[in-house]
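Going by TrEMBL, these are the annotated features:
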type	residues	note
TRANSMEM	6-24	transmembrane segment
TRANSMEM	44-63	transmembrane segment
TRANSMEM	117-135	transmembrane segment
TRANSMEM	156-175	transmembrane segment
TRANSMEM	187-213	transmembrane segment
TRANSMEM	234-255	transmembrane segment
TRANSMEM	267-286	transmembrane segment
Amino acid sequence: IIFDELGAAPIILALLYLYVMGVASSKLSKMRKASTGGLNTEKLFVMTMLLACVTRVMGFVTIGECALNLQSIRVGYDPHRHDGGDSGADDDDDYRQDSDQRFYDKCVLVLFDFPDFVALSAYALLAVVWAEAFLASRSHWLSARRYRQGFLMAYLVFNAALYMAQLLLYGALFLPSSPTGWAARALYAALTTVNFGLPLLLAALFMYLTVSFSGFPYRTERALRRQALAGRALLIWTAGRVCWGAFALTAALQYSLAASSAAEKAAIYSVLIVALFLVTELWPFAAALDDDVLAVVGEAAAAATA
């Protein structure tokens with residue numbers, strides 16, 4: 001992302017995520033009032049999306065400030081400044097300014113990338129919910145509890161590996177000798193791998209479940225509808241994750257703009273960035289926060305443990 005060419009996009013996206021955050025908070029509040037139990041799959045799913053929205057709002061507010069600071073720094077900073085004064089003092093000031101800027105860039109990169117990992121965690125949880133809805137929709141004699149334990153174990157292992165890789169990458173990013181460009185490439189390489197890898201694993205799971213349960217009839221029309229709702233939400237999330245993986249892989253938005261002026265380039269870039277987040281996160285979040293989909297999340301978990 002070219003932060004200083006985003007224009008008004010960070011503020012627009014911050015407001016959009018703030019709205020989705022309000023919806024998620026409202027849904028979570030209703031769940032807490034309706035259920036006296038502890039944490040369940042439905043609450044965890046909404047809390048994960050809420051965390052992603054909160055960090056996105058923080059990130060875009062920071063990025064908006066970052067763009068303004070970058071503009072002021074570039075206006076006031078001259079790398080060839082030597083007016084015959086104390087050149088050693090000028091060099092020290094330049095070094096401190098460059099060091100502060102590098103640290104600031106790394107912090108912004110962390111704020112920008114952290115929600116991606118949270119969204120991937122929510123996507124994996126939605127895949128578990130879909131698999132549970134698939135099992136609950138079929139009339140079979142196999143142990144749904146055993147399947148659910150396997151799904152949850154895979155989810156926990158995936159999350160542990162995901163956040164461990166995140167901690168290692170962030171630790172390497174803030175090493176004194178670590179260049180920002182190398183760390184950014186490593187982060188986006190990891191995100192690209194997971195964003196493409198998860199849909200492939202999900203496709204393999206879909207084929208396995210379809211073949212394994214092809215001989216079992218559906219329980220009821222309602223069970224079939226629950227599976228269809230979960231599948232539709234998962235399909236939207238899958239499309240968003242694949243789009244984000246393609247963006248992380250190619251960084252096409254940075255190099256494919258051919259506007260005739262800097263102002264037009266910034267305007268087009270801002271529109272494309274807003275469209276990117278609308279497709280990859282805001283639309284999937286809104287689809288998953290639908291009351292019918294959240295009901296499927298709760299019912300599938302309950303049916304799997306029955």
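Keep in mind that glycine also has a Cβ here, set from the backbone N, Cα and C atoms.
Not measured: the values here are computed from a predicted model.
Residues 46, 49-50, 53-54, 56-57, 60-61, 63-64, 67, 266-267, 269-271, 273-274, 277-278, 282, 285-286, 289 of the same chain lie 6+ residues outside the transmembrane segment (6-24) yet bring a C-beta within less than 8 angstroms of a C-beta in it.
Counting residues 6+ beyond its ends, the transmembrane segment (44-63) has Cβ neighbours under 8 Å at 1, 3, 6, 10-11, 13-14, 17-18, 20-21, 24-25, 27-28, 31, 107-108, 111-112, 114-115, 118-119, 121-122, 125-126, 129, 281, 285, 288-289, 294, 297 in the same chain. Within its own chain, the transmembrane segment (156-175) is flanked in space by residues 106, 109-110, 114, 117, 120-121, 124, 183, 186-187, 190, 194, which lie at least six positions past its ends and keep a Cβ under 8 Å from the stretch.
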